[in-house]
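Asks: Sending over a structure as structure tokens; questions will come in a sec.
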């Protein structure tokens, strides 16, 4: 890269994404509303399915942003289409808890009350007795709590819809109602089980690993040393260490363990100190890594196809002699990253984020490698425990999932963390994104890239090798992750729970069956140059 000497560049591009970016490798997708969508038959009384609700809002006749809610297990059902529902004026109950008859007129309105002081059934009965056409209960946090009947209430006949909305929505409504007229329209559109965005995201994740594996032939071939010498003309004061020339980092057992411990520490720091400025720091680091990755992905084919392109150079302060082509490409990549950072909020910004992220991961998978299955087992098993603990077990200590809270961007001032691939949902009435963390691609990708190198070194055929079967295993692992996501009502899933058995497990089983496990375990790739590893050992 234009901005760093080769050795520093290598350590930065690999260590930064693996520690900072992979730390945030939360699951695959998190439904923005965190609630289930049950499309089964509706039953009377207290057995109604919980359904997501769209709350359209008008303030003094001007339509505002839609809100999301969740129906109760009791009460009337809502229509699936907006044109089959009616506008209702919004009125706060008085008392606000809605536990006793309201002194404010709520007849024919959508009554609002806050959660607490009495059960949900009592609130619904009070609202219905006052003539309310619907009841919206404002939760005391951002979750959409499932409102159920008490054990003794089994034959209710509540005839108005009852919906819960998050605290932030209630605060916004309260602010709007101070001097303005607010109206609601409630309906419960059907959510598709599988959106096209899932298929596209699956293809991007699998494709990134496949391209990165084959890119090794393209980018780290026997000519890579010559290519980098062409791009970065050595200055008189440059170091002479051979370990930096090939820019390859071998991961060691010690490095794998230290990395996961460091990632866990960083995740906890993010959880406690997450703020808008912290997210901005991550955005800057992501842009730096993305520029490096994009530069590498563009320059590799250029220098391979046009060896004379890099002969024309210019002398830059601080950077020394640099090829003109490399400088122009780096400048274009920098402009691309800056434009994305400035325009990251619009709906189309996911395209730039995914391009930067994919280029970054391809570059990392070229420069970092697993030397054998022993190191792969330590790294992936540690990552396996890391993912499960911080998604499923951390609530036992922190009272909420640390991984989900960080990935959701709580306390980030509305800023979102960029260390993931995301695709907008095409047919979901609530919109939102399907997402996959970088770690869920990089960790299995390191193993798949090792399988590719091993097959090549041993001249294995496609069927008798490991690469193809690991790619198939990774694809199925992602499918199992989405299945788990669906079965757990949209709760974020630790993707490595499914990906590690489907990749490392497949390779170990194949190695056992073929009698090659010992060789895989102690495999040592031959290399003419000195390599560095993540522990800094030469």
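The backbone N, Cα and C atoms fix where each Cβ goes, glycine too.
Remember, predicted model here, so these are calculated numbers, not experimental data.
When I checked TrEMBL for this same protein, it listed these features:
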{"type": "SIGNAL", "residues": "1-32", "note": "signal peptide"}
{"type": "DOMAIN", "residues": "91-173", "note": "domain 'PA'"}
{"type": "TRANSMEM", "residues": "196-215", "note": "transmembrane segment"}
{"type": "TRANSMEM", "residues": "256-273", "note": "transmembrane segment"}
{"type": "TRANSMEM", "residues": "279-298", "note": "transmembrane segment"}
{"type": "TRANSMEM", "residues": "318-342", "note": "transmembrane segment"}
{"type": "TRANSMEM", "residues": "348-368", "note": "transmembrane segment"}
{"type": "TRANSMEM", "residues": "375-393", "note": "transmembrane segment"}
{"type": "TRANSMEM", "residues": "435-454", "note": "transmembrane segment"}
{"type": "TRANSMEM", "residues": "466-488", "note": "transmembrane segment"}
{"type": "TRANSMEM", "residues": "494-513", "note": "transmembrane segment"}
Asks: Determine whether the transmembrane segment (466-488) and the transmembrane segment (256-273) share at least three Cβ pairs under 8 Å, counting only pairs 6 or more apart in sequence.
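Replies: No; fewer than 3 Cβ pairs under 8 Å.
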Asks: Are there residues at least six beyond either end of the transmembrane segment (375-393) with Cβ under 8 Å to its Cβ atoms? List them, or say none.
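Replies: 25-27, 251-253, 256-257, 259-260, 263-264, 267, 401-404, 439, 443-444, 446-447, 450, 492-497, 500, 503-504, 507-508.
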Asks: Within the domain 'PA' (91-173), count helix residues (DSSP H, G, I), strand residues (E, B) and coil residues, in that order.
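Replies: Per-class counts: 17 helix, 16 strand, 50 coil.
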Asks: Against the transmembrane segment (196-215), which of these stretches has the most C-beta pairs under 8 Å: 279-298, 348-368, 494-513?
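Replies: By the under-8 Å Cβ criterion, the transmembrane segment (196-215) pairs most with 348-368.
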